[in-house]
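Colleague: So that we are looking at the same thing, I have put the structure below in structure tokens.
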């Protein structure tokens, strides 16, 4: 649940008549009204106050209708559904004095709505809509999520290392990826964001998880999604680089060698990787047993038209495996 907040500035003031506070400021002049969503729900009584020293001659309109909704410095409305949300504007004569935008956050049967984002069907066991990965222990990580919504969509991302840790985590703006992902038999759009912990010590033991919150607004609907993780749990190295083959004299085997990816943490004697080596036949389904090694080379057979592929992961903590890097036997 999003922390509930009360806007107490004298201008553009938004108040509730109900005893339980269910409205808070998302950004300047934009407010989220939290509603229990069920048939015949009473909704929330909201009082809007015009941001002006003027007292007389004030009228109110909304973006749903040009008709005058009321007059005076305040306007009381009952917010029950999306038709009651939107932008409310106060005027005097032909001049706009101020406006407030109301968004709705639905709760059905005690659960906040999650309509905007979609879960990746490739990971049916995933408990979160947000997926994050880090290529190393530098404190830099990338997160992404999927949505079937293509227009009237806005995201903001917030992150921190625990709620009381002063070390901030800075996230950039969410960007739309060119990649399309199939979810529920239709294409979904993928958004990504890059984040960096301000004061990161790669060799230090993590005691507090990183908290990530993505706020999503689609038209007049507000939702938020969160994830909590340690960097060590989202590590996924880049693939090994510079794969090379060296024929061995009087042997059917070859020596395949590789190097640590440039993006992996150093020194490698401390931040060590382990590797998986596999021979893949001409037809992709023809795969031989996997060989696991800690060094950066291995001896394998390399039939004509086959290829050798290698992937990496953290040696001392069971991180995710990297993508495969491959070299042809031809």
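Keep in mind that glycine also has a Cβ here, set from the backbone N, Cα and C atoms.
Swiss-Prot feature annotations, pasted as is:
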DOMAIN    23-106  domain 'Ig-like C2-type'
DOMAIN    239-330  domain 'Fibronectin type-III'
CARBOHYD  136  N-linked glycosylation site
CARBOHYD  224  N-linked glycosylation site
SIGNAL    1-22  signal peptide
Colleague: I'm trying to understand the geometry here, so how far is the Cα atom of residue 224 (N-linked glycosylation site) from the Cα atom of residue 136 (N-linked glycosylation site), in Å to the nearest whole number?
Modeller: 28
Colleague: Averaged over the domain 'Fibronectin type-III' (239-330), what pLDDT does the predicted model reach?
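Modeller: Result for the domain 'Fibronectin type-III' (239-330): average pLDDT 92.
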Colleague: What are the DSSP helix, strand and coil residue counts for the domain 'Ig-like C2-type' (23-106)?
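Modeller: Its residues divide into 3 helix, 55 strand, 26 coil.
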Colleague: Can you tell me how many other Cβ atoms are located within 10 Å of the Cβ belonging to residue 136 (N-linked glycosylation site)?
Modeller: 20
Colleague: Tally the residues of the domain 'Fibronectin type-III' (239-330) by DSSP class, grouping H, G and I as helix, E and B as strand, and everything else as coil.
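Modeller: Helix (H, G, I), strand (E, B), coil: 0 helix, 43 strand, 49 coil.
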Colleague: Let's check the environment of residue 224 (N-linked glycosylation site): how many other CB atoms sit within 10 Å of its CB?
Modeller: 19
